[in-house]
């Protein structure tokens with residue numbers, strides 16, 4: 001006997017076949033925020049400090065300090081020479097106020113030392129004063145004078161006469177690569193002879209003039225290596241010499 005299906009069965013089946021179940025929608029993707037643990041923060045701080053210190057050290061090493069980039073300018077002291085006789089010289093008597101009784105002046109670089117000239121030396125070759133660089137003792141300046149000269153004789157004669165009483169000057173001239181001479185006058189019209197001797201072993205600048213019936217000769221000497229290093233200073237010393245009074 002045939003089975004009779006109830007109409008509701010068809011309705012239920014039809015409804016099941018037409019109903020669509022939507023899959024669940026996942027929530028929007030959000031990037032998780034990184035969180036640093038106290039240990040990570042400490043490492044980051046140390047790394048930042050290290051990089052900053054390295055950059056600072058590099059800047060210091062690659063930046064030239066102004067004090068190293070250029071030497072400090074040389075300062076000078078004025079020396080007042082009296083050209084006194086051997087009896088009243090070198091602290092053995094005479095006028096203690098050198099500035100008031102000075103016959104000549106020249107500049108002395110700050111730090112140079114004075115060598116006290118003996119009476120014997122003064123009496124034999126006329127050396128009146130001498131200063132030297134304590135760091136390079138062969139770098140020096142000194143002055144000699146001779147009485148009885150009313151005026152300058154020709155330049156060549158003067159230089160030869162100076163060499164007669166100075167063995168070192170004789171050797172320097174004999175082995176010189178070049179010797180030059182020129183004349184100049186100061187603001188008062190006084191005549192000076194300037195000599196430059198360029199030798200293998202050394203360099204010499206000499207300035208000669210006459211005043212008060214005396215011949216004054218100012219010397220600036222330096223070995224060749226020092227001359228190349230200190231030429232500007234040595235030329236300044238040479239040009240600073242003049243008679244006064």
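The backbone N, Cα and C atoms fix where each Cβ goes, and this holds for glycine too.
As annotated by TrEMBL, region 'Disordered' applies to 1-40. The annotation compositional bias 'Low complexity' is assigned in TrEMBL to 7-22, 31-40. Positions annotated as domain 'PsbP C-terminal' by TrEMBL: 179-242.
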Requested in this report: Report the DSSP secondary-structure composition of the domain 'PsbP C-terminal' (179-242) as helix, strand and coil residue counts.
Outcome: 17 helix, 37 strand, 10 coil
Report summary line: Confidence over the domain 'PsbP C-terminal' (179-242), expressed as mean pLDDT on the 0 to 100 scale, is 96
